[in-house]
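Residues or ranges marked as GTP binding site in TrEMBL: G47, P48, Q49, S50, S51, G52, K53, S54. Marked as compositional bias 'Low complexity' by TrEMBL: 783-805. What TrEMBL records for 37-252 is domain 'GB1/RHD3-type G'. The region 'Disordered' feature in TrEMBL is assigned to 779-823. Feature annotation from TrEMBL assigns topological domain 'Cytoplasmic' to 1-672, 718-823.
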Amino acid sequence: MADTDHCCSTQLIDGDGEFNVVGLDNFMRTTKFSNCGLSYAVVAIMGPQSSGKSTLLNHLFQTNFREMDAYRGRSQTTKGIWIAHCVGIEPFTIAMDLEGTDGRERGEDDTTFEKQSALFALAIADIVLINMWCHDIGREQAANKPLLKTVFQVMMRLFSPRKTTLLFVIRDKTKTPLEYLEPILREDIQKIWNVVSKPAAHKDTPLSEFFNVEVTALSSYEEKEELFKEQVAQLRQRFFNSISPGGLAGDRRGVVPASGFSFSAQQIWRVIKENKDLDLPAHKVMVATVRCEEIANEKFCRLSSDEDWLALEEAVQSGSVSGFGRRLSSILETYFSEYDSEATYFDEDVRNAKRKHLESKALDLVLPAYLNQLGHLRFKVLENFKSRLEQMLKEGEGFAASAHACTESCMHEFDLGCADAAIKQANWDASKVREKLRRDIDAHLLSVRDAKLSELVARYEEKLRQLLCEPVESLFDAAGRDTWASIRKLLRRETETAALEFSTAISSFELDQPTIESMLQGLRDYARNLVVKKAREEAGKVLILMKDRFSTVFSHDNELMPRVWTGKEDIKTITKDARTASLRLLAVMAAIRLDEKPDKIENILLSSLMEGTVTSPDPLASSTWEEVPPENTLITPVQCKSLWRQFKSETEYTVTQAISAQEAYKRSNNWLPPPWAIVAMVVLGFNEFMLLLRNPLYLMFLFVAFLLSKAMWVQMDVPGQFQHGTLAGLISISSRFLPTVMNLLKRLAEEAQGHRTPESPRQQESSVAFQSFRNQSQLNPTSSIAQSSVSSNVSVSDSSVEYSSPNLMQRRSTKVQEAELSQ
Ligand SMILES: Nc1nc2c(ncn2[C@@H]2O[C@H](COP(=O)(O)OP(=O)(O)OP(=O)(O)O)[C@@H](O)[C@H]2O)c(=O)[nH]1
């Protein structure tokens, strides 16, 4: 198959009916036919073989269709269908040269290709030139009759008429004027039209409905070439602006856009070859569908690999891109407008449907990037919100006011960001992302608010703890009749003060009333629980408190001075008072009385445990107090009973000690002999007494002895030493006395034996150390027993003890002087 036999003409369909796709595409590319849209015309020529068709086209359109060499005889030169660009004619015009009809080469009966090519020309061309010999007009056996029959018959196979212009070109015009020839020709045409069998739908359809019939005549090319050329030149003028209204093809219908010409021609030829009827409207839609889809796909492919788009997509992966919407809109707009311009001449419905499809695919492609952009925006705005809120709170702004201001500004920031990210081509809904941001902001606000409130609550709880714990503990330590009243008062006062301050502090949070009430109640409950907890703690050590209370009352007089057991005290009454005080303390600690409800716990305890009143049943043989709910019970009646037993046994010793101390005191103060002994002494010692009185020396001796005794009595604090018992007094006194006496005795013995040895330096050191120890021991009388044993040991073995007596020291120095003199 020859693609191009000569310059500018292309074989579209070869003699065997093969469509030259490559050749047509090449023709379209080289002539830039695709860009013509609907602004083009196709002119085909039909006629008997060797009737000068190619010659006419070549002269008319300056084409180069192959012509027969006149000197070699008439034979078929054009095989199949050829096309060529009619240079110089506007709009873009394609000349189509068809294989001649009634050709001897195919035989008389082989009209298949003739019919197929005729139908093809009628489906494609806007103007069909019917080439005919002048002498055939009005002839019964004219060569053009079968041709016209064919044209009319195949035309019926088109579903809708295209208003093709049939231009009859009468060749080798005679002298007969055209005015005479044309009516005869039209009559011939009409006759043929009338006899052609038509489908029922077109039975009465006039010829003019299907065709515009035009007639022209040309002189013989061979005989009157110049005239021929002149007439052809005039005819050429009719092809300028042929598609404009009033032009040769001004009424044409169903034009396929130039960019779909190749596909359309192929499809039409395929349908014709399959011997099917041609539904041109459906064909037009089909061509539009295929072509628009091709255009849309091509645009989408180019968009997918567009450098600007890829750069934008990559940039948005890692962060928010400024001017995202503007950039993306511009990229999309490029491809959508290209589609529009290329698909503009195709069927509108198809074109719009395919555009929507292209938009949808393109938007699907770019949507993730948009969502990424929104995601970055949402994250950025949320972070800004957090830092702004923190800053405002740091600056001391109220929580609700800060939250409101930050939320407003951040949502506005998000809206601006959304507007920046939005594209013209889609009305993407950012409301879900906005809602998510709002939810995140609300959640953050809630968590910050809860944290701040918790902090505030903790601060006030700590304050309450400081204000309540120690005072309550102190009140329990001094438990008495008014303890619970004082605790209630303290609790009420501190709680209400704290609640008032707390209310003011949380006012900036703009909480609803129930929440505020609930928080205040929480604070009150906390304070109450603090007191309850403290009460339970104190109740846990009630025995110690009772013993302290007992000891305080028992060991101190009414003026809170330590009691000295002189024998005049009524230990029984004091014990009873002390126990009663302890029992009252137990009664105070037995139950929580924060609700000001009276109870009989103290009465029950006093009557059952102190007064020993026996009632049946025993009110203390129970684990609950009457009128006191279990949750307010700190010490049950039965526990009270057991505690009382333990308390009594543990305080017994103190009482016994007091009694012993009292007896010892009595004994120590009762040093006079019995009266009968005094009388006997007076009677029997009267003479000696008088002697003493009469002798001033004796009297003076007695007086000195008295003074010495008194001095020792005071110095050694004899009554004080005996205050802790007789034994302790004796030990203490003897510890002071005994070493001196022992030393004295030893020294006397040594002197008597004359074995006195000089003092060594070591002994002198010991003497100094001992003196220091004595001084310390005098400062610390509590360790007197231990000191006494130590000092006695030292005194016995060490002669330096005697230096503690000035007399002995003096005596020693005399002795040393005597020894030195004798040496
Ligand atoms: N008598 C006469 N002969 C002509 C005219 N124009 C061309 N011819 C001659 O007719 C012969 C055939 O010319 P073509 O132009 O090849 O005819 P055709 O119809 O294209 O032939 P096919 O393509 O084979 O059907 C040539 O020898 C031409 O010189 C004309 O106007 N009158």
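Here, residue 1 is simply the first one shown, and the rest follow in order.
Note: Cβ is positioned from N, Cα and C throughout, glycine not excepted.
Structure coloured by features recorded in TrEMBL.
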| residue | record | Cβ within 10 Å |
| --- | --- | --- |
| G47 | GTP binding site | 24 |
| P48 | GTP binding site | 22 |
| Q49 | GTP binding site | 20 |
| S50 | GTP binding site | 20 |
| S51 | GTP binding site | 24 |
| G52 | GTP binding site | 25 |
| K53 | GTP binding site | 27 |
| S54 | GTP binding site | 24 |
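Listed in sequence order, the binding-site residues among P48, Q49, S54 whose CB lies under 6 angstroms from an atom of ligand 1 come out as Q49, S54. A coil conformation is recorded for S50 (GTP binding site) in the three-state DSSP classification, outside any helix or strand.
In sequence order, G100, N131 are the same-chain residues whose CB sits within 8 A of the CB centroid of G47, P48, Q49, S50, S51, G52, K53, S54, the residues recorded for GTP being left out. The average pLDDT computed for the domain 'GB1/RHD3-type G' (37-252) is 86.
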